[in-house]
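Before any comments, here is the structure.
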Number of protein chains: 2
Amino acid sequence: MSEALEPGATIGILGGGQLGRMLSVAAGRLGYATHVYDPSATVPAAEMARHQTAASFDDIPALTRFAQSVDVVTYEFENIPTAALDVLEDLRPVRPGRRALQVSQDRLTEKAFLRDLGLNTAPFAAVDDTDSMHVALAEIGAPGILKTRRLGYDGKGQVRIMTPGDAPEALSAMQGAPAILEGFVDFSHEVSVIAARGMSGDVACFDPGENVHRDGILRTTTVPARLSPAQRTDAVLMAAKILNALDYIGVMGVELFVTAGGLVVNEIAPRVHNSGHWTQNGCAVDQFEQHIRAVTGQPLGDGGRFADVVMENLIGDDMDRLPELRAEQDVAIHLYGKAETRRGRKMGHVNRVKR
Amino acid sequence: MSEALEPGATIGILGGGQLGRMLSVAAGRLGYATHVYDPSATVPAAEMARHQTAASFDDIPALTRFAQSVDVVTYEFENIPTAALDVLEDLRPVRPGRRALQVSQDRLTEKAFLRDLGLNTAPFAAVDDTDSMHVALAEIGAPGILKTRRLGYDGKGQVRIMTPGDAPEALSAMQGAPAILEGFVDFSHEVSVIAARGMSGDVACFDPGENVHRDGILRTTTVPARLSPAQRTDAVLMAAKILNALDYIGVMGVELFVTAGGLVVNEIAPRVHNSGHWTQNGCAVDQFEQHIRAVTGQPLGDGGRFADVVMENLIGDDMDRLPELRAEQDVAIHLYGKAETRRGRKMGHVNRVKR
């Protein structure tokens, strides 16, 4: 196995949101300095990092200086432009690697990758124009959901198609962007596996969590999830298959639908994941530390869980509930230091720990 | 009860060591910014704080600017000069307050305070010169331990007196500083209570931990400690008595000797305490968050514990054991980001969590 980075080394983090912030804190706990790169100067991660660069992802000189100042580069979001990667990869290791980004930046590529691995996904077809929309609808039928292939998150860039008559309006909502039509999956609930793979190829998974969304945004994750022992094993094996196929290094979030016919992969995220925040108060090594361990070449924690936890996101006006949350027992509050509360904006989360 | 500081407010922290660092991370988690004040520019807390002042504690203009930039002032060490407090207190609330500092900055004052509360302490007497040394030895006898009244920590400024013949050498080791002679206490083990008191007067204690020292430095803290239910209750009541008497706001470490005749107070520290680090991996609200909750006027966590934990300090060359520690399961590593490893220097700690 390769040598782990020694304390004192610097980890570059692309993206300065709450995930970057919590990664930075975890890195500091392991003795590493961090350098956060984000187009905005006032980002949640900045005050928890030793160094900060405020520059766009197409600023080649800034990217170059950033890479030269760090020992390894990682990221908190998957939409890193390819040109930026070209610059960074020439200078320092980027972990997780490019393959994971290529696959996850494009919903069509991702679905095809998963299908080729033999994993179940929602039925899907590419939609670029009216013709391909007709073909896709004929194949998949309605209801379905039309999504942009790139850059959607938290339900953005998605339109439901309940009947074929909805198709033209849905297509025009894509504004000419390449899209994918996905058939509905009849699932009872959604779970996610927060999986990690280290530099020696070892894989460790946290206990799957059960997710509840509202308006396309994650509301709560509960561990343990409602899964049979066989489903639990399946979930972990599927995640490991994905990580191994990508020669992945780091933490990945794998969202799975639980259906009568087995587990169906919804999507993957090549980074720490909102549905893994519960690990901060249920495990000795949480997902953020696990990711830092992986990208610095350390052995992984085993993901062992010592408490039941319910994670709840604090979104927008949920911040008004702070006084009650503070007075509740066994609630760990995690705020992101965002100055402005906006509708639909993730402001923080709480972990309710069951003794 | 007074209103809690809102997220976005700034907490000033005097002292930028590891305790300040972990306080700063906890403050960030609750949505607060921090401003760290320390004579040195390269301190562990700096990279986890939004603002930093590197200036001495007698720099009145710097102290003034610091106080004006924050909403409340707290500290990670008890030896804040009185003149600095005068400046700060005029401008902003300082929590915990001056009384706790006055009492704990002087071992003689502290012992007298505890005795006046009706609590058991080691026998003690003031030693300023040869004459008072004779009086003290006649009263307390040998063996005993001679300590400077001020500024000692981790076993520094302490000399053992095994027989009266050791007295002259011990006295000269004090270099003229006012001292205190303490009689030995015949104890089976030492425990500490990490206690907190909020702005509404509510007190919450974490489960007492059992401490093992080597060379005057804390090595391990184990929870649960070996204590009978009655001793456990006593420990908490004693801690609460101390906090109430000081009208204290924040977290305090109370070290207790367990003896056949009951619990004896060893010393108190008006701040988060090394023996409370286990709370980071055993409680929903750890001692650092508890302290921030107290000084910002939030309700306290109840101190509930959901795992057995052994905290081990990493001192000096213990850092060489990092590779093995990383490979151990259920070990949470907490390093302080100190560039230089020195003998006797606290570099980090690990929490071993028992599932």
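Cβ from N, Cα, C; glycine included.
Whatever TrEMBL says is automated annotation, not expert-curated.
In three-state terms derived from DSSP, B:ASN266 (ATP binding site) belongs to an extended strand segment. The feature ATP binding site is assigned by TrEMBL to B:ARG107, B:LYS147, B:152-158, B:182-185, B:GLU190, B:HIS213, B:266-267.
Per TrEMBL, the feature domain 'ATP-grasp' maps to B:111-296.
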Considering every residue in the domain 'ATP-grasp' (B:111-296), what is the mean pLDDT value?
95
Within 10 Å of the Cβ of B:ASN266 (ATP binding site), how many other Cβ atoms are there?
19
Using a Cβ cut-off under 8 Å and a sequence separation of 6 or more, which residues in the same chain sit near B:VAL185 (ATP binding site)?
B:ALA122, B:PHE257, B:THR259, B:VAL264, B:ASN266
